[in-house]
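The structure appears right after this line, and notes come after that.
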């Protein structure tokens, strides 16, 4: 079995490298977008645009600049998903689950699907849409598991004469399962969480040998991503090879002494997560039914694909128009929360010691808009994941509950009241909504513990 373990290690290493690459490209594109906006503001100030248009005019021009960059990314992202890899839209995760449970799906594991999903994922996340890279990373990990185990491609005309004994449906399914688990492990730096996710959500065909091999694959993926991230930032070598910085991978690491009273709002958040999760799923199903009815009523295929592309453009335009209105008229903090990329926004919401940094107006406004728009985005024609939106939505209402406790009891500085912190309940709320939407329990708990402690 040495060749099977070797192949599992190679798949995990490849998925870890891919996860590192995706995160670096997304971060670089986001930085490039805001650097261009900053340069535009500096040029406008030098040319006295502020004096000629006023502050509101300058803000409008800045938002139009952001809108232009975002729309360009969305058009390329949606075009990649629609015209290069129809099997990769929107996330690929349902298709992977279907395949691993006995459903045959055409073009799910070819090179065009891999390239289209990769491009669509990085551009969709970097554009500012309410989505994350988790679902596409599971699909891409499964693609690598399939490709490296079979070592043949009809598209490229490649049929290598090694590992030929694994060219059967049972072994192929095992390597795809391991690749999918490595994808989730690379995203969250949680090898045990990746294993439990595949066990709980993805595949129905398991034995103890496959469990150990999948865990080894997930471990290699996590280690590779961490090792490369320790050395490079924005593809620039930092000279810290092998130095794993806690703040680069852990959102929330300082522990608090807990009080039994903390279980009361925790139970409330659990119930709220279940109710809102059920509402989210129900609303998303209705939206997708309407979406399918509308697009299926368009007889011409090219016009149908163009209409799907225009829908993603409309989603981003709605987001940015709301941010402009919120910034100008009623809630600057809400606009700031919505315009940030998901990972950075979650970090802000989880932060402790800033009890009244965000008020009720900004949190409630951001929650309502984020809930609706992320529900609309899920199922649109881009390769995207739902984990970041689920964590973000839960963190918003969790922080609201924490803020209510602060309003009742005040800011507590002693050790017995330190648990009354909106950042703590933002983390609990994130887990509750994630669980309410996905119906995951054990793997979710492990993933959250890996992320937060």
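The backbone N, Cα and C atoms fix where each Cβ goes, and this holds for glycine too.
Annotated by TrEMBL as transmembrane segment, the relevant range among 36-62, 63-89 is 63-89. Long-range contacts of the transmembrane segment (175-199) within the same chain: residues 7-8, 11-12, 15-16, 18-20, 96, 99-100, 109, 133-134, 137-146, 148-149, 166, 205-206, 210-211, 213-215, 217-222, 224-226, 249, 387, 440, 442-443, 446-447, 450-451, each at least 6 residues beyond the stretch ends and with a Cβ under 8 Å from a Cβ of the stretch.
If you look at the transmembrane segment (258-283) against the transmembrane segment (391-411), you find at least three C-beta pairs under 8 angstroms, all six or more positions apart, and that counts as contact.
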